[in-house]
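Undergrad: Take this structure, written in structure tokens, and hold onto it; I'll ask about it next.
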Amino acid sequence: MSREQKAVARARKAFETGRSKPLEHRIHQLKNLQRLLTERKKEIVDAIKKDLGKSEEGTQLYETLGLEGEINMAVKKLKEWAAPRPVEKNLMTLSDTVYIRPEPLGVVLIIGAWNYPWAITIQPLIGAIAAGNAAVIKPSEVCVHTAKVMEDLLPLYIDKELYPVVTGGVTETQELLRQRFDHIFYTGNGTVGKLIMEAAAKHLTPVTLELGGKSPCYIDKNCDLTIACRRIAWGKYTNCGQTCIAPDYILCEPSIQNQVIEEVQKAVKEFYTDDPKSCPDYCRIINQRHFKRIMAMLEDSTIAVGGDNDESDCYIAPTILKDVKPEAKVMQEEIFGPLLPILSVSGLDEAIKFINRGEKPLALYVFSHDSKVINRVRDETSSGGLLANDCLVHYSVSSLPFGGVGNSGMGCYHGKFSFDQLSHQRGCLIKQLKMEGMNSMRYPPHTAKKLGWARFFILKTVDLGWVGRMVLFAIMVVGAAVAFQHYLN
């Protein structure tokens, strides 16, 4: 039995004991996870610094702060989320107890990503624990130091049998995917996402795929370009552009292209000084393979700003590309790096057509003072999320579902959406062995009269107050008695 098989088997056995289900256990595990983030801050920060070059403040802002908020919300709201959810009834089921009961799925596989290794790996884990599941955690092998810290620290704080950490690369991930899970949660690219889905199909395992794509950013000439470009520059160059919802490219009219370049350049200088390479807040490309991939995208485009690079340091300066053509290399795949192409369009109509010719993106950004422009972009396109006049921040709103559509993914999470995504919504109806006369209309022999009664009782939904329900219940009892007496005769 392989190491991966043993980890899954232990998690399954631990889940079958039932100990992950009580709310007290879930809350205790979540609080322990919170304690890990607080007590082991230095180890977390040091590892991410080695992997991605993030500063201590950047790691807390983009990695752990959101996790603390998610844990606080789950602890506070768990009793409400896990409670049976009453549903509307028809007349036929008025006297029954009818509700939805969220239940754990079982053993969840969480395959994390390297660009925000703690945020993207642990956030689904919070949902899995809150929903009462066991979870096998597979951190990305690309972030070598962070994966080691997770492997060492998580078992010290949360149940190591219910929530084992499995490290390794492609071989280990493939072995995990041969095992049977009750849900697979993957964050990464679409190519691997298809392999995940193919492996899951063999066991009919449901999946959540958090992918990405080329998230467009339309800038209307009717907006404050200084503010718009500062927010775009922040969204693009944070984490050196290695963000799945970073604005991938800009669409704007030719008349404002030079001003956009100027304003983005000013914002870059404001954020990262004249020398981003020496700025502690400017990250690095994760490895040389990705460095070479990104640099190859520059071959047939014109650099307006930036372009400086150092392969030995995996450094690529914040770069703006002007007059980019749709067929350029930089427009053929998600950039996932600090290159910002600008494409000219004649106006909103052409921008919408261009966006709709591509795959549905994970995020779509529009900057305008005009609500009609914003509404048209919202109504005439499709994307995982839409933001007007800002970038990235929807990720921080736990009351919004975060997820893709089409090629940018399936399923969603954050806050209660994580809990629901990793729960089985079990429909329950509890009936008493009484009032059998009410059932005569459904039993053979079937007649037109019985069908008429069935149509009335089944198609009529009720939303009555307490007094109304009692009155209707009394009428139904009398009706049932009459119907039953008629049935006997």
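Backbone N, Cα and C atoms are what each Cβ position is placed from, and that goes for glycine too.
According to TrEMBL, the protein has these features:
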ACT_SITE  Glu210  active site
ACT_SITE  Cys244  active site
DOMAIN    5-423  domain 'Aldehyde dehydrogenase'
TRANSMEM  466-488  transmembrane segment
Undergrad: What is the Cβ neighbour count of Glu210 (active site) at a 10 Å cut-off, with all protein chains included?
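TA: Glu210 (active site): 26 neighbouring Cβ atoms within 10 Å.
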Undergrad: Whole-number answer please: how many Å between the C-alpha atoms of Glu210 (active site) and Cys244 (active site)?
TA: 9
Undergrad: Just jot down the residues in the same chain as Cys244 (active site), at least 6 apart in sequence, with C-beta under 8 A of its C-beta; none if empty.
TA: Ala113, Asn115, Thr187, Glu210, Leu211, Gly212, Phe336, Leu362
